[in-house]
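According to TrEMBL, the protein carries these features:
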type	residues	note
DOMAIN	7-148	domain 'Lactate/malate dehydrogenase N-terminal'
BINDING	GLY13, ALA14, ALA15, GLY16, GLN17, ILE18, GLY19, ASN107, GLN114, VAL131, GLY132, ASN133	NAD(+) binding site
BINDING	ARG94, ARG100, ASN133, ARG164	substrate binding site
DOMAIN	158-326	domain 'Lactate/malate dehydrogenase C-terminal'
ACT_SITE	HIS189	active site, proton acceptor
Amino acid sequence: MSAKNRVKVAVTGAAGQIGYALLFRIASGQMFGPETEVELQLIELEQALGALKGVAMELDDCAFPMLKKITCTSDYAVGFKDVNWAILVGSVPRKDGMERADLLKINGGIFTTQGQAIAANAAKDVRVFVVGNPCNTNALICMNAAKGVPSDRFYAMTMLDENRAKTQLAQKAGVDVTAVSNMTIWGNHSATQYPDFYSAKINGKPASEVITDTEWLKGTFIETVQKRGAAIIKARGLSSAASAANAVVDGIFNLTHDTKNGDNFSMCLASNGEYGVDKGLIFSFPCTTVGGKLKIVEGVKLNDFSTEKFNVTLNELRSERDAVKELGLI
Ligand SMILES: NC(=O)C1=CN([C@@H]2O[C@H](COP(=O)(O)OP(=O)(O)OC[C@H]3O[C@@H](n4cnc5c(N)ncnc54)[C@H](O)[C@@H]3O)[C@@H](O)[C@H]2O)C=CC1
Ligand SMILES: O=C([O-])CC(=O)C(=O)O
């Protein structure tokens with residue numbers, strides 16, 4: 001079989017935990033399909049290049065048939081050169097005692113420089129998928145810095161939240177996880193996100209009809225999904241890595257393959273005013289890919305409960321945007 005396509009993929013933070021769980025899955029063909037050749041352009045801080053070399057050696061040792069080239073660099077101009085995809089994983093997450101403004105400032109610097117380097121070096125069709133937290137606002141900064149790259153090419157990840165929510169609903173209903181569809185995460189990838197059980201379906205029926213324990217849906221379910229990242233950190237002593245990497249694979253698969261069977265998936269992207277979200281805000285919406293194009297699903301009904309939850313996460317994203325505006329980052 002001869003391969004038809006080749007993609008160049010940049011991954012920042014490639015020697016980190018998520019990088020270690022992600023690169024092998026990209027190289028194996030799980031993300032872009034078994035007929036697409038892959039070139040990996042791995043970007044790390046200078047001090048992590050030694051560890052990155054080890055990861056590259058392991059990639060070599062897998063003899064993946066579709067992996068055609070590996071570049072390891074700390075130079076953005078080299079790392080983002082001609083890439084079709086930029087997966088931005090490396091960032092500085094909040095540490096104990098760190099003020100939010102400090103966090104936004106540090107990441108603002110990283111994502112401004114990366115946005116500029118993407119605009120200057122990447123392929124014309126580049127798409128940017130931000131994982132590093134705070135991912136919505138990092139994507140906003142990157143999008144604003146990447147002059148000339150259309151704003152509809154920037155995404156932030158709520159796929160992990162969606163997968164977490166699906167499993168919680170399936171376990172509660174006593175069904176297979178594949179029975180759960182249309183699981184929308186609205187808003188920010190943070191503890192304010194709204195996993196919308198009202199629009200989710202179980203075996204094609206509204207989840208809120210299959211699971212009649214409304215108190216659980218409105219309380220434990222939402223909280224479990226919102227706080228799952230913190231629960232993993234508490235249990236593992238480290239943040240989610242394999243499940244996050246898996247969500248990157250699912251998320252980019254969803255962006256590159258048409259959505260089937262009336263389902264939708266959650267993706268953070270720049271609003272065009274849908275559902276009253278401020279234009280340009282990177283907000284998680286229910287989406288589909290149709291004919292290779294990403295679309296926000298319109299017309300999802302939000303009742304009073306959903307509207308209240310929706311507004312909380314929207315207001316959080318507005319305040320993050322205002323903070324980075326004040327810092328002169330956008
Ligand atoms: N959106 C989501 O659902 C999730 C997001 N995350 C976030 O993903 C990020 C990465 O997580 P881990 O891999 O566990 O962290 P990690 O600390 O293991 O790895 C991060 C790597 O990024 C590198 N790095 C830092 N700044 C960089 C820069 N400017 N350029 C290139 N590389 C840089 C570091 O050297 C490090 O190797 C964190 O911000 C984490 O909060 C984690 C889980 C889920
Ligand atoms: O909570 C964290 O720091 C990591 C993360 O984003 C998640 O697991 O959802």
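Cβ from N, Cα, C; glycine included.
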For this session: With NAD(+) as the bound species and GLY13, ALA14, ALA15, GLY16, GLN17, ILE18, GLY19, ASN107, GLN114, VAL131, GLY132, ASN133 as its recorded binding residues, calculate the greatest Cα-Cα distance and give it in Å as a whole number.
Result: 20
Exercise. Do you know which of the binding-site residues GLN17, GLN114, ASN133 has the most other C-beta atoms within 10 angstroms of its C-beta?
Worked result: GLN114
Exercise. Which Cβ among the recorded positions (ARG94, ARG100, ARG164, HIS189) has the fewest C-beta neighbours inside 10 Å?
Worked result: ARG100
Exercise. Can you tell me how far the Cα of GLN17 (NAD(+) binding site) sits from the Cα of ASN133 (substrate binding site), in Å?
Worked result: 14
Problem set entry | Listed recorded positions with Cβ under 6 Å from ligand 1, out of GLN17, ARG164, HIS189 | GLN17, HIS189
Exercise. Could you give the maximum C-alpha to C-alpha distance in Å for the residues ARG94, ARG100, ASN133, ARG164 that bind substrate per the record?
Worked result: 26
Problem set entry | Of GLY13, GLN17, GLY19, GLY132, ARG164, binding-site residues neighbouring ligand 2, Cβ under 6 A | none
Exercise. Taking the Cα atoms as reference points, how far is ARG100 (substrate binding site) from GLY132 (NAD(+) binding site) in Å?
Worked result: 15
